[in-house]
Amino acid sequence: VPLGVFWSLILGLVWLHLLEVPDPSVVPHYQAGVVAFGLSAIIELLGEPFWVLAQAHLFVRLKVIAESLSVVSKCILTVTLVILYPQWGLYIFSLAQLLYVSVLVMCYVIYFVMFLGSPEATKKSFPVARVKALLPNFVEDETFVNWKEARLTWSFFKQSFLKQILTEGERYVMTFLNVLNFGDQGVYDIVNNLGSLVARFIFSPIEESFYVFFAKVLERGKTVKDQKQDDVAMAANVLELLLKLVLLIGLTITVFGYAYSQLALDIYGGSMLSSGTGPDLLRCYSLYVLFLAVNGVTECFTFALMCKEEVDRYNFVMLALSFTFLCISYFLTHWYGSVGFILANCFNMGIRIAHSTHYIYNYFRESTHRPLTGLLPSPALLLVYISSALITAFSEVLFCCDKGWMARLIHISTGALCFAATLVTMFCTETKLIHFVRSQ
């Protein structure tokens, strides 16, 4: 929290005085927005210990309810204020963000205040008895700093910092180097938010939940021979099926996203979005979703098993990759505009997937398990995907998007038939995966 306060002050001053400030007549209350978002970051940090505790003990229902309530509260307030007081500008989104983090933190605090010390917590032998134990405190018989944990924490901090650059790097290039004007940044943000819906609602929860699963089933830093073989078999089976699941979701979005990007943007935002670079951006993002899908699962397994030395080695790899990614983002944006950002992200994710799959291959090399086969869809399903891509692309040329609503309906019906054929083939060829999804 003290670090959060420090960085909020420093970066707030940077955003207000060193970077380009939008015209107040176009974007009013920008200064208040910067302050509000900095404050919301500090409030969210206050709830971090509760979030970590809930995550470590698999309180999935708590997490779902807390995030759902906070998101719904934020959306209701945003819509209400936009309709009633549109002239408030950034005040609306600042207040909504503050409400979001306040509800989120309060949900966790209220739950743990009621849970800790209760008969249910005693029955589960919960390691924390009082809320006070989650606050900073001095322990008489221990040193002020546990250096082993401090070094591990420092390793993860460096890794998180580098991952932030790799995940949000294009935004820093966009902000600090002014490679796009505010209008193009707005279109990029809209497409980015639409394209990342699947990543936020499906891939991110899978990654977070199964990181905890792999970390609990297998011991960090031990080779596959030193683990319990039943646990190795279970982890390998789950990893294989997870990879197959996210691969098929990613392939479906990539195949159908290409032919329906322009139509989706036209319905969502009219010709302002569908006539410019928007459709090309969303098409590229559909491909990027496939990379995101595979990278999420491979990295969650890799990070759950890496020891401190391996984390440190990977930090050097990420440092080089971060620098390369920022350079590629800058040059590709000059050549291809905002599409260059997404192409740079695809390159970045491809390298990270290569590293993670290499680690997984080496980890299971001395066992009989081959979880990476989950990245190989059945030939029949692959053929259906290729056919669907060709048919829907041909349909887009003929019927989309300036030939009237009847032509659009024909284009949508064509996609629906191809999607149905894909699902039927999936159910017939991937029976093991279907059973896994149903049971889990």
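Glycine too: its Cβ is placed from the backbone N, Cα and C atoms.
Pulled from TrEMBL:
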SIGNAL    1-16  signal peptide
TRANSMEM  34-53  transmembrane segment
TRANSMEM  65-85  transmembrane segment
TRANSMEM  91-116  transmembrane segment
TRANSMEM  241-265  transmembrane segment
TRANSMEM  285-307  transmembrane segment
TRANSMEM  314-332  transmembrane segment
TRANSMEM  338-354  transmembrane segment
TRANSMEM  375-399  transmembrane segment
TRANSMEM  405-428  transmembrane segment
**Asked** Hey, which bits of the same chain come close to the transmembrane segment (314-332), Cβ under 8 Å, at least six residues off its ends?
**Response** 155, 158-159, 162-163, 165-166, 169-170, 172-173, 177, 179, 306, 339-341, 343-344, 347-348, 351-352, 355
**Request:** Go through the chain and flag residues at least 6 beyond the ends of the transmembrane segment (405-428) whose CB is under 8 A from any CB in it; none is fine as an answer.
**Result:** 248, 252, 255-256, 259-260, 263, 380-381, 384-385, 387-388, 391-392, 395-396, 398-399, 434
**Asked** With an 8 Å cut-off on Cβ pairs and a sequence gap of 6 or more, do the transmembrane segment (65-85) and the transmembrane segment (34-53) reach 3 or more such pairs?
**Response** no
**Message:** Using a Cβ cut-off under 8 Å, which residues of the same chain at least 6 positions beyond either end of the transmembrane segment (91-116) come close to it?
**Reply:** 29, 32-33, 35-37, 39-41, 43-44, 46-47, 50-51, 53-54, 59, 62, 65-67, 69-71, 73-75, 77-78, 81-82, 85, 126, 128-131, 134
